[in-house]
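**Q** Below are the structure tokens for one structure; questions will follow.
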Amino acid sequence: MRKTKVINTQISSVISDMGHFDTLSIGDAGMPVPVGTKKIDVAIENGVPSFIQVLTNILSELEVQKVYLANEIKTANPEQLAAIKALIGETPIEFIDHSQMKQDLNKAKAFVRTGEMTPYSNIILESGVVF
């Protein structure tokens, strides 16, 4: 059994496969996922697990050099934005339109669907390198 925090086999596999500049997305229960994008559904019920729980878990193992968030989170969900900023520290944020975020899911290695039920709780993580 693994000793690390990420024990979901699908998430662990995607993280292990990530290269520099590859992307992994995490989102709320309502985010549409394009056909062809690997969807890892960890939602159990409304709110479980939360977006922040899943983000915290993934950040424990994935080296992230940049994140992408929807512009709309600034006004529609400032509490979630504050929680994200607290987790990512000095990692640069690029704000994009939500419609662009949905299109960019086509390029993601995978999308992790959480049980989150708050608006614009979606993020694209751009992989960095550890050297």
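First residue shown is number 1, and so on along the chain.
Just so it is clear, glycine is given a Cβ too, placed from its N, Cα and C backbone atoms.
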**Q** Of the candidates Asp22, Asp28, Asp41, which does Swiss-Prot annotate as part of the substrate site that also includes His98, Tyr120, Ser121, Asn122?
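**A** The record-listed residue among the candidates is Asp28.
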**Q** Checking the spread of the substrate site as listed (Asp28, His98, Tyr120, Ser121, Asn122): what is the longest Cα-Cα distance, in whole Å?
**A** 13
**Q** Other residues near the substrate site, CB within 8 A of the CB centroid of Asp28, His98, Tyr120, Ser121, Asn122?
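**A** Near the substrate site, beyond Asp28, His98, Tyr120, Ser121, Asn122, sit Gly27, Gly30, Met31, Ala70, Glu72, Ile73, Asn77, Met101, Glu116, Thr118, Pro119, Ile123.
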**Q** Same-chain residues six or more away whose CB lies under 8 A from the CB of Asn122 (substrate binding site)?
**A** Ser25, Ile26, Gly27, Asp28, Met31, Leu69, Ala70, His98, Met101
